[in-house]
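J.: Next up is a structure, given as structure tokens.
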């Protein structure tokens, strides 16, 4: 008996849903085409890169958009005209492509010259003469009918012979074969045959023998004898599954029959012997599909309904032979007594067009599942010119909270409209009347076998728990909910659910017989009450109290409580905080001692910098006599012209610098002489070993880059210590490392070659 709170709530809602569906299935009603179909058409007929996959799909999209009157649709006119022009101008195009090209052209109105039309007529006439199957006749005759609609002067020379050739595929049960080689009959082929024969009749000159046309009436009647029916009154055609490749579903088969039927009705003077209720049943079949999820199915639905509704959208005069169905629908099938909702009814054609002048009568209102008399008398609904709806205001007191079946009837004002439209007689519509239900006389009591009812929240296994309450409707009548459940939940989360009886009766729980089911768990039990119904606007799930239950000690072999399910959402909740104790830091020397050691570390570097500074100062700021300076400088230049290596500069510069200590103090900037600058002379004076430094320009450049690269790497280490992270440092070090390897290899190669030459010399 243990259940979770989620399962308890779902069980209640699911049961109410089943009740709702069972009532809806008892009397279904249909809605005409509305905006959802238009949205689906735009979504399903979406061109790929501005065009559809085939001419057939192009025509189906154009036809669907045209019937539904969609304004914001993909602009495929230019692409469609290009495909049409290519197809009609090509002698290699198939009959099927040519047929759908002409169908698409009947909507987009592309420019086709007379020469192209003559070629099409010649080719189609030849195809009619050589046809040996029903599809060949269908595409060739259908193409000629479309050309006649554009040019107006197309005829069949041997219409009687072609009519008899097509009738040769007829079967005795009203179905047709696709070819003489295929013995299987098909309702889908019957629709194609009727549409083909209608085309032959329209192209005949002179008029066709009426006896040939009259014989088709009996064939159509036989075909409708095989029609199938759903429980909701919808009628449809279906073929037996013989060949899975050629099999068409009920929607495609029924659509083919409707197109053929309305096409044949357009060319005959005789009224077809088809009961009007069957036409309405076909319309209900297409409307009962709802909004298809496939483009082909949506086209078949919309095109068939268009043929049933209006001769303007199908074939001229078809309206005189096939009645137009009128659909009664309700914007809402739920009325609230508390809110005083009014009943509203719409009457439209299958495509949502306005109906002719008529009256809607409410024949009766019956309680669902009851055979009692009607709760209201027959009366007419009031028509609202502003909304175009028929209204029934102020529901009578006899209609309270519950589920009902409303019976409507449509009465046409004009007698001649009865020959054009079909209403289908009385229409049953399931309607829910909801409202706020009051809870009265609620009581929870603990019963003792000796003392009766006692006021206490503590009980034991020898006592009983009694729960009672009464539900009343807004009109004060007793209300019996579809579900009333009582739940006891132990503090360990173990739950027990009980089904409460009908309203007004007491419900008791005898703990003596439930000790084992309660798993001998003593302690606090919270009590929750759930009351729900499809027509109850204030269905509730409410905590109503708690008890302290004292049960005997469990025996050794007693059943233990089942493990409670884990809340699946608990994994997303906050986790327990992790407490981590870090290792105590090791003892370090005083801060002053560390700073002193750091200062000692930088003393050699400081001494080096001071020495360089003094050497530079002594070299640049000299006291000399101007005349002596010019002389010594000239001598210095002469000496430099005889220098063969950097080691020869160790004497001449020193001599020059130390020999001009007399005279006037001047500042002299020594420029580079023979590739050697003054900073290099200073380094030599400081004792830097440049014996192996290359003297040629290219090797000297690589040697300089090598030392600069080493300095850049050292600078990168400093930046890593100050601000860069490891990944940034590795990226820069990789770049500098490549340069360092290349220039270093070049320098070392030069030094190795120079050393080899000296040794060989």
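Numbers here mean position along the shown chain, with the first residue as 1.
The backbone N, Cα and C atoms fix where each Cβ goes, glycine too.
Curation plays no part in TrEMBL annotations; they are all automatic predictions.
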J.: Taking 666-687, 732-753 as the choices, which stretch does TrEMBL tie to transmembrane segment?
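T.: Going through 666-687, 732-753 one by one, TrEMBL gives transmembrane segment for 732-753.
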J.: From 563-592, 593-622, which range did TrEMBL mark with transmembrane segment?
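T.: That would be 593-622, the stretch labelled transmembrane segment in TrEMBL.
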J.: Take every residue in the domain 'Ribophorin II third' (456-549), average their pLDDT values, and give the whole-number result.
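T.: Reported value for the domain 'Ribophorin II third' (456-549) is a mean pLDDT of 89.
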